[in-house]
Structures are given as structure tokens and as C-alpha cells.
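Q: My questions all concern the structure below.
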């Protein structure tokens, strides 16, 4: 397995798909990187030469990926929470941030139901 940006990318998959295993690199970014380096998207990762792997690594080092990107995202969320804006309050309460209804759904964000016992008559 080739190691790029601290991530083991799978050998058996096409390079364009293998690069998406790196956090912060999606399909379009991996296509741009490969076209810039004149590497075919259909080549398997195991068939890449050392020079091609190094070229891909140096090209990807220009992007924010993995730990650096995760850190930036978490700092952005912390900043929203500190300034007390609406999005920050929603993050703090563990509710949907982007305007979704939360009366009935939103179970993914809210977590499992906290069941309340019925009043006896």
C-alpha cells in the first residue's frame, strides 16, 4: 500500500478513487491533481512508480488535508460557539445547524430518544 499524507491508500483500486481515502480530497480534487500531473485516472495504485507517488504527495501537500483540515474545522465550530451566534448555539445544544426541522426528526444529531414516562390518571 502506498502512503500519501500519512494515509495508506488501497492498492487494488484506481488511483482517482484511492486518493479519496485522504480526508479533504474528494473525487474532483483527485481528478484535478492527476490531470495536472498527466497521470491516467484508470491506473491502479499498485502500478504507480515511486516518482509518480512522490509527485502526487508534493501536489497534495499544497492542500489542507487530514489533521490540519480537521483542526481548522473544529476551531471554526469552537469560534461559532464562543461568539454566541445562532449556528454556535445550535452546535452547543446538539441540534441541526442548517435550518432543518427538529420537532419530529433530527435523530442523527440529537441521538437516541430520551423516553419520558406517562402521567398516571
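For all residues, glycine too, the Cβ spot is worked out from N, Cα and C.
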Q: Kindly point out the range from 66-93, 94-121 that Swiss-Prot annotates with region 'Disordered'.
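A: Residues 94-121 are the ones Swiss-Prot records as region 'Disordered'.
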Q: Kindly report the helix/strand/coil residue split of the compositional bias 'Basic residues' (110-121) according to DSSP, in that order.
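A: Split by secondary structure, the compositional bias 'Basic residues' (110-121) comes out as 1 helix, 0 strand, 11 coil.
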